[in-house]
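For reference, the structure discussed in these notes is given below.
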Amino acid sequence: MSLLDTLQRGLADLDAQGLRRVRRIADTACDARMTVNGREIVGFASNDYLGLAAHPALVAAFAEGAQRYGSGSGGSHLLGGHSRAHARLEDELAGFAGGFSDAPRALYFSTGYMANLAAMTALAGKGATIFSDALNHASLIDGMRLSRANVQVYPHADTAALAALLDASEAETKLIVSDTVFSMDGDVAPLAELVALAERHGAWLVVDDAHGFGVLGPQGRGALAAAALRSPHLVYVGTLGKAAGVAGAFVIAHETVIEWLIQRARSYIFTTAAPPAVAHAVSASLKVIAGDEGDARRAHLAALIERTRALLRNTRWQPVDSHTAVQPLVIGSNDATLAAMRALDAHGLWVPAIRPPTVPAGTSRLRVSLSAAHSFDDFARLEAALIEASEAAA
């Protein structure tokens, strides 16, 4: 059988299981109301939690950065591509989100995937043991595989099981790895307990705050700040394409850890740096996030979250107990979830169906992603359509 035959058979299998993914094409900027595939829709699919992706100040900063630095970086960070905009942003990020460390330093990456690969592969290797939450993001899992470290997976958020694994470990280097906000459930990791376990066992804790940075904590400083945690054993990863509304990611840790990543993280060294204009726009985003406007947007988002939690409890399906902008509604089968998605789409609402392998088999779900850009009128449309779809499925 040829490769094409094998691939075609695999695609047919995906179709039969209701698992083929289809891209939609946005014709306008990411916002609550968009034109997608030529239709006006209200989107509940993006990770633009603060509604900053089309913010005029960020758009202007992006254009200003392109005028000043050009359209591309021209090289890797170590070979000519590291601009003043990148360096300034790293200093700003360390000051903004590095309060957990006495000597924080930040390192900017082009994507969150690359940042997580860097943390896993450069900090762990043969002889090390990584203790991973069962629901960690795919980028962390891929990084663990590439690291060649021993990986032990503990049940989701089960700190007792994690403690038992740590007690039994004789590894010299131990890394506990966890998302902060889990992207498909919306729940928050038991961070205080994880920090305590790391310190008790001489381990390091690596947290991926992709869905918390900009939203959680005072001024949006993230999940660690929300829990008022400080520790010399922390490595903090955050992304800049979700609440921050631009692109890229970062790692913040003790300055020695960051210097090691610069020297040894292959996903940092062997790739072209992101355009400086992107970093320039992120600097503008941080000003909005940390200011009064950021506080107002987080307050509006919090109100939407509470309304959505109440709404999901009134459907026939199973809501997940989430207090974040990620509001899942577990339906079960792939076909039923796709049918619910199509019913909402008929009302001009884009609420994506999340299916295996992203979530376990039998737990396919709608994932309502909320944004400060949503109005209460947008929520009312979602409420009416979701109740109708739920009743029709009964």
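Placed from the backbone N, Cα and C atoms, the Cβ positions cover glycine too.
Now, the feature entries from Swiss-Prot:
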- ARG21, HIS137, THR358: substrate binding site (BINDING)
- GLY112, TYR113, SER183, HIS211, THR239: pyridoxal 5'-phosphate binding site (BINDING)
- LYS242: N6-(pyridoxal phosphate)lysine (MOD_RES)
Exercise. Secondary structure at GLY112 (pyridoxal 5'-phosphate binding site) (DSSP, helix/strand/coil)?
Worked result: helix
Seminar exercise, completed: Surrounding the recorded pyridoxal 5'-phosphate site, with Cβ no more than 8 Å from the Cβ centroid of GLY112, TYR113, SER183, HIS211, THR239 and those residues left out, we find ASN47, ASN116, HIS137, SER139, ASP208, ALA210, GLY241, LYS242, ALA249
Problem set entry | From ARG21, HIS137, LYS242: recorded positions whose CA lies within 10 A of SER183 (pyridoxal 5'-phosphate binding site) | HIS137
For this session: Note down the number of other Cβ atoms within 10 Å of the Cβ of THR358 (substrate binding site), including every protein chain shown.
Result: 15
Seminar exercise, completed: Counting other CB atoms within 10 Å of each candidate's CB, the least crowded of the binding-site residues ARG21, HIS137, HIS211 is ARG21
Exercise. Hey, which of the binding-site residues SER183, THR239 is the loneliest by Cβ count within 10 Å?
Worked result: SER183
Problem set entry | Largest CA-to-CA spread of pyridoxal 5'-phosphate binders GLY112, TYR113, SER183, HIS211, THR239, angstrom | 14
Exercise. When the Cα-Cα distance from the residue listed as 'N6-(pyridoxal phosphate)lysine' is computed for each of the binding-site residues GLY112, TYR113, HIS137, which gives the smallest value?
Worked result: GLY112
Seminar exercise, completed: Here the binding-site residues are ARG21, HIS137, THR358, and the Cα closest to that of THR239 (pyridoxal 5'-phosphate binding site) is found at HIS137
Exercise. Using Cα coordinates, what distance in whole Å links HIS211 (pyridoxal 5'-phosphate binding site) and THR358 (substrate binding site)?
Worked result: 16
Exercise. Do you know offhand how many angstrom separate THR358 (substrate binding site) and TYR113 (pyridoxal 5'-phosphate binding site) by C-alpha?
Worked result: 16
Exercise. Of all the Cα pairs drawn from ARG21, HIS137, THR358, the residues the record ties to substrate, which distance is largest, in Å?
Worked result: 19
Seminar exercise, completed: Taking all protein chains shown into account, the Cβ-based neighbour count within 10 Å for LYS242 (N6-(pyridoxal phosphate)lysine) is 28
Problem set entry | Local Cβ density at TYR113 (pyridoxal 5'-phosphate binding site) - other Cβ atoms counted within 10 Å | 18
